[in-house]
Amino acid sequence: MQVSSLNEVKIYSLSAGRSLPEWLSDRKKRALQKKDVDIRRRIELIQDFEMPTVSTKIKVSRDGQYIMAVGTYKPRVRCFDTYQLSQKFERCLDSEVVTFEILSDDYSKIVFLQCGRFVEFHSQHGHYYKTRIPKFGRDFSYHYPSCDLYFVGASSEVYRLNLEQGRFLNSLQTEASESNVCDINPVHFLFAMGTAEGKVECWDPRTRNRVGLLDCALSSVTADTEIEGLPSISALKFDGALNMAVGTSTGQVLLYDLRSSNPLIVKDHHYGLPIKSIQFQHQLDLIISADSRIVKMWNKDTGKIFTSMEPEHDLNDVCLYPNSGMLMTANEAPKMNIYYIPVLGPAPKWCSFLDNLTEELEENPESTVYDDYKFVTRKDLENLGLAHLIGSSLLRAYMHGFFMDIRLYHKAKMMANPFAYEEYRREKIRQKIEETRAQRVQLKKLPKVNKELALKLIEEEGEEQQFSKKRKQKNLPSLLKDDRFKVMFENPDFQVDEQSEEFRLLNPLVSKISEKRKRKLKILEELEAQGQEEEEEPEGKASDAESSESSDDEKGWVEEVRKQRKLLRQEEKLKRQERLKEDQQTLLKPQFFEIKEGEEFRSFKDSAKKQKLMKKTLEDRLKLEEKLGTLNVSDTTVGSKQATFKLKKSEQQRKQQEAEKRHRQERKTLRRSASHLKSRRGRGRLFH
């Protein structure tokens, strides 16, 4: 029996130890038990509690007497009688079992859903009836009031098979493309199914209408979860009338109250594996959820981990024996594991001796074998002068060293190191020196960004503290400790550029004021590099010199500004000269431009004229525009000048105006000729 402990919860593995082959005779088994101590000490709670290769599902009958398990290979079902602690019967099947359900209190009525779309019914004597559903099934539930079996699988329909009438009823049409799991509430018989789209649909079997829809995929994604695809529903379990637990394919367990669409708690297994099984433990208000790697027990109110188990092989199913602390698992291995956790509850009545056994183990804890031995390496043996013992019975080789008796180790150490007291005394002296050094002024660690600004703030903070102590005032909060300005000393984008023009003009005295601070910063960096723990005060100037530097008058400030401006002009002049040199060195290549249709080519003389005109003074430009007629200057009555500008017309506007002028002249000539003809006709009539 193997014992493990997590969070001070002891877990007893009753299946630990080697199992004997089935083909061995009873005489050989007894002989092996006499010879091998491990086989003699192992606990075989139920005889031959295993499968030939793999076990997939395990369940307990309602009366608690029978444990049924299915597995491969070949596909079979085994029934174990707990009163006899042995196997009751074994039946082989035609195809592998997806899941099964025990309809009666004992093993007399069983339904198997097989992977070949078959539904097989077994009675007490064996196989009873076999039928087929239209699509491949993945799970089913039994509705006791109406004797209906609800099948879900690779279809959008939920197939109903009535066991009283012996025929299929009208199926339920859902919005899901596929369904993975289903369950029926034991109190009000609400039917719930988990879909591949990550939703849970709830149906009322009385009216055959959908009464609710939960989007669990959206609720399972929290801030600290990482998912690669859409979570689908892989496990579903009701607890009482109002609670429901949902497991997703990405490893989250969501606990719902049916009156709310938001989960009460979301628990992540952090393995990214589908949840295979969910069980409720009512005595301690625990939820037992399992994926293929781990079984976790956690509080359903707070989500706090109670304990967990990691079996050696991958898990397929978990079954909690009712009203006890026994847990059984179906694994990807022949042996089915049985665990006993005394904190969860007492042992079942058919194995009540487990309580006495665990109590004796707790009263008489075994000492660890390694407490009497010391692990030493080959180098340690050479230092102790025991290298010649390698290969003898006094040393047991293990990994990169040896185990030796602790008493021998202490004797050899005393003989090899007679000055152990001197080493102890030196160690004590070193510890006392470390304690005194801790009381001294520690080295200030400056940030990576804006070190000078941080040093300035530290100095100002020290001065303010001294000033506030004298006046008995409260200290103001420091910028270095304020989270709002934390980025200024971490992000390189906030580094102060002291060579920029704005900084040098707005802070003309920063170079003189920061000389002392730069020297101190250099000393601090040297101390950090050397790894010293004391801060040495830099040798500064006399107090008179410091006071004279700090009290600069206005004349010094103006001179510094002029000096900075002169330096900036010189730098700008150098930059201009460098740009001219680069322009002279660059060779200009001819560029060709395509003229669009409807546009006329103009020479580059217009642009040259404009450039020459822009170089002239305002007076010359005004005189030129007055000659051209685009400017009219006149005196006003007040004595000031009034200038009127006329905008130059473009070539297109000028042509349009000339055409309008010609058109007006032609109309005038036509009107004159018409009036002349009328006057001549009137004169001819009078003469007649």
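Placement of Cβ uses the backbone N, Cα and C atoms for every residue, glycine included.
The domain 'Nucleolar protein 10-like N-terminal' annotation in TrEMBL covers 1-364.
The feature domain 'Nucleolar protein 10-like second' is assigned by TrEMBL to 369-417. Across the domain 'Nucleolar protein 10-like second' (369-417), the model assigns an average pLDDT of 82.
Broken down with DSSP, the domain 'NUC153' (482-508) shows 16 helix, 0 strand, 11 coil. Taken from TrEMBL, the feature domain 'NUC153' covers 482-508.
Sequence annotations record features per position, and here TrEMBL assigns compositional bias 'Acidic residues' to 528-538.
Look at TrEMBL and you will find 528-557 (among others) tagged as region 'Disordered'.
Among the features that TrEMBL reports, compositional bias 'Polar residues' is placed at 633-643.
The annotation region 'Disordered' is assigned in TrEMBL to 633-688 (among others).
Annotation source TrEMBL lists compositional bias 'Basic and acidic residues' at 648-663.
What TrEMBL records for 664-688 is compositional bias 'Basic residues'.
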Using DSSP, what's the helix, strand and coil tally for the domain 'Nucleolar protein 10-like second' (369-417)? 25 helix, 13 strand, 11 coil
